[in-house]
């Protein structure tokens, strides 16, 4: 057997072992918080060193080994992250741009998650979405009871009624598509952020992602937001209709865009003012509870081009 083939088999065995180990550790809820994001790493490394085609064997053996060790508990997660690893590895090896890698990974994540949910429902009788929605309903009903008991104790009117719970439940149900898109993008971004520095440290070339302060969304997002507002306030689509469904999900996605733009503006201001970088990350953490205010910053940054205005003032 040629020496190169022996090296390839040895490296493949190492990456398969690492894949199975990371998948096995993910069976522990505490360890899973960390290990799950590294499951794609051995697949990415193998593809960068060799090729996509031969990585299929690594994935198949790795998933089989995971199934034998953990049973059906983790196999779905392993398959999803293995396919994500193949996507990132193939795109990085082809020297694709950072945005293409991110969007391709997000799309792959979305497709594999949906396929895994369908497979678990079809073959294992476990409907993940149904279980999640039942848990949400139980939690909302518990909050209603707690609010009613507290209101009785204080001799006041309950602030969280069954009607409020039903509205929240329906909104969550209708916003599942946008939630899936946003969570897929977030997952893709986290996997890339966590793994690319390691891959680069090992010696492989990976595209460098720009700083958060440089994120600039185009103006058509603002036009889309105005269209959604017009639909919501002028047409006022009824709950359950197609227009309502589209407007709700579009609104959630646009809110996320403006929040990201607002966070980018915070990073820009910290950099421009020569303040410690830690302040930008503290601002990022507080941006989520203050999402409404930060989203307004994002809207202003896109619509009024605040950075240019601030630059003009500086020049004067």
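Using the three backbone atoms N, Cα and C, a Cβ is placed for every residue, glycine included.
Just so you know, TrEMBL annotations never went through curation; they're auto-generated.
Listed features, source TrEMBL:
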type: TRANSMEM; residues: 56-89; note: transmembrane segment
type: TRANSMEM; residues: 101-119; note: transmembrane segment
type: TRANSMEM; residues: 176-196; note: transmembrane segment
type: TRANSMEM; residues: 217-235; note: transmembrane segment
type: TRANSMEM; residues: 241-266; note: transmembrane segment
type: TRANSMEM; residues: 278-300; note: transmembrane segment
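Counting Cβ pairs under 8 Å to the transmembrane segment (217-235), the stretch among 56-89, 101-119, 241-266 with the most such contacts is 241-266. Counting same-chain residues at least six beyond the ends of the transmembrane segment (241-266), those with a Cβ under 8 angstroms from any Cβ of the stretch are 171, 174-175, 177-179, 181-182, 212-217, 221, 224-225, 228, 231-232, 235, 280, 283-284, 287-288, 291, 293-299, 301-302, 306-307. With respect to Cβ pairs under 8 Å, the transmembrane segment (176-196) is most closely packed against 101-119, considering the stretches 56-89, 101-119, 278-300.
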